[in-house]
Structure formats: C-alpha cells, structure tokens
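The Fe cation binding site feature in Swiss-Prot is assigned to H288, D294, H324.
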Amino acid sequence: MHKWITFPHREGTCSRQAHADFPEQAIYEREAGRSGFFGPAAHFHHQHAPTGWSEWEGELRPRAFNFNHVEGVNALSPWQVPLLLHNHEVKVRVWKLEQAMPALARNADGDELLFIHQGKADLYCDYGHMVVSEGDYALIPRSTNWRLEPIEPLFILMIENTDAAYALPEKGLVGNHAVFDPAVLDVPSINDQFRAQYSEQQTQVQVKRHGQLSTITFPFNPLDAVGWHGDLSVVRLNWRDIRPLMSHRYHLPPSAHTTFVGQGFVVCTFVPRPIESDPGALKVPFYHNNDDYDEVLFYHAGDFFSRDNIEAGMVTFHPAGFTHGPHPKAFQAGLEYRKKFTDEVAVMIDTRHALQFSDAAQQVENRQYVYSWQSKVE
C-alpha cells in the first residue's frame, strides 16, 4: 500500500493558483511533481528562469535528434530499421517505405502503434483493408499479420508497447465522448480491394519475438478471411479527429492530451487549440521537473511555439532529473500574448522508466540543443 505524504502548505510569496497570477517579482513558475502530473506537486516562484544554465557537463542532458536523417530506415520490413529510443516497455523507431512490402509483418512482442508522419498507403491485415495517410495513428494488436502498399512514400513513427497492449485513457469528469468520440475510430473492411488480394501464391510472414526474427512460409496468402466478429481489431485515428480539452483560464498539463495508454507510458497528441486568454493565465507550457518520467516529443507539423529551431521530423528527449520548459523567446511571446492560437501537431511519449538512446539516434543528435535556452542562441 502506498500513500503519498501530502499536506498543502504555503511559504513566502506565492500565487493562489498553479499556472496563474504569478508574483510580479518572480514570474518564473516551476512545478516539481511526482507520478507524472497526477501525484503531489510543489510550485516554486523563481526570480530567474529555471532553464537559465550557463554550462552543462555530463551525460544527463536535454537532447534533440533529427529523425529525418537517421540512416538505415529505408527498408522493406519494419523489423529492418534500427531502434532509436527504448526501454523494456517501449520501442521507438522511424521507418521509410516507398515500395510494397514483399512479406507480411507480425509483432509477437507487443502492440504496434504506427503514426503516419508523411505519405499514404493501403494497409492489408487479418481484419481487412483500410487506407492510412498523413496524420493517422494505426494501432495494430499484437501478433496481427499486416503489410503496407504505399500510394505515396511513407515516413512512419513506430511505437511498440512491449509485452503489453494499448488502451484508451480514463476520461473521468469529461465523459467518454470528450477528446475524441470512440465512434470516430475506424476499422478495416473486408471489401473488394481486400478480396482482390486473395491468392494461392507463396507468402512469407516475418515474425518478431524477443527481438529476433523468424520467417513462416505459406503456400497461399494468409490474409484470406471472409469475415470476422469480436471486439479486437486494428483501429485508425487521425489527429484531426481530436478535439482537445482546453481552458481559457488555466494551462492544462500534457496529461490532458493523452491519446493512448501503454504499459509504463502514455502517448499524447498536441493539436491546434486556442491559447489561454485570461490575463493572469500562463500561455505557454510551464517549467517543470517531471521527476518520475522521461519525455519524448516527435514534431509532426506546424509552428512549435515553445521551441526554437525545431522542424517537422525532429525529436526532443528530456529525461527525468532536471527542469525543462519553454525557450526564452517563447516565454516572452506568452507574456505578451502575441499568439491567440497554436498550430502545432506533435506526438509525445512519456515513459515511467528511463529510456536508452541508440547509436543510430546519437548520430543525428544536435549536441548544442542543451544551450538552446540561452537567449543569445539563435
């Protein structure tokens, strides 16, 4: 049994409400919290930006990777591309595909979540056929047979929930239809296009189990179902179907934007929304120590209002153990309420256990990112 030691207390000069109405002499609020944004927290009011460091030594640091330039990601099989970020519960890769997959893929290690960063394709799987295109999540249950035939070249973010299954978040007070109605989730169809690919031709299935590949050969195409019933399926969700929670008086924590819940991590989606309009409300992400989680952000589209020099296809990685938050120009723009609407789209992965990054990721790292919070850095 675990019960936090909690006793709300005020000390010195502080605001009555988190993320709003800061003391004039200390406009930099820092949240130190436990269990993501669900545990006990303290809010400090600082005279200087908590990210105002002048030097940084050691391996623990904020990192940025340009996943547009990762080597070895152009492959005909998702199991041929390198791991980029990983722990025992989640595996993150990117994959570029321009030709039809010659074999079926099957992930026996866990559910696979594909986010289509670029392109369009026909997805064929045990459940039927559907088209996936830019902005789609395709959630593929563990051990499903599937393949892609690109209509346009694909750039895919892959997020494996190792030895576990994805679920939807509990929505609590706002109800089951908030953020997105489950009715917007699409499933594959046993349609004419699916039936047209029935064949007696030899077909291989590449199965990944314990990170190792086995190949099963059939004298026919195993995607030969004429129908199915049940409540397990591949599902598709586009970020444009997400209607974000918002408040004009309070900057909601990232957890309000949770899209899928994995074992040991969550996947959140940041989509365009109005910026807080109340004069006292914080209008950019707050400085925070998310001390129990590592944070990964994949930037998909738009103007990333809290970050400088970040483009689509890049990733920032903020491990637990230090404060992170908006860059100086973004913080100042928030104070001046320059923007009334965000137009960014990004995928966030918050992991309960520490992530490792691979050599393939390190090769595309911007080692100067740690100093991007310095006002002089362009």
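FYI, residue positions are counted from 1 along the chain as it appears here.
Even glycines carry a Cβ here, placed using N, Cα and C.
Counting every protein chain shown, the Cβ of D294 (Fe cation binding site) has 22 other Cβ atoms within 10 Å. Neighbour counts of Cβ atoms within 10 Å were taken for the binding-site residues H288, H324; the minimum is at H324. Other residues of the chain with a Cβ within 8 Å of the Cβ centroid of H288, D294, H324, the Fe cation site, are N289, N290, Y293, E295, H318, P319, A320, F322, T323.
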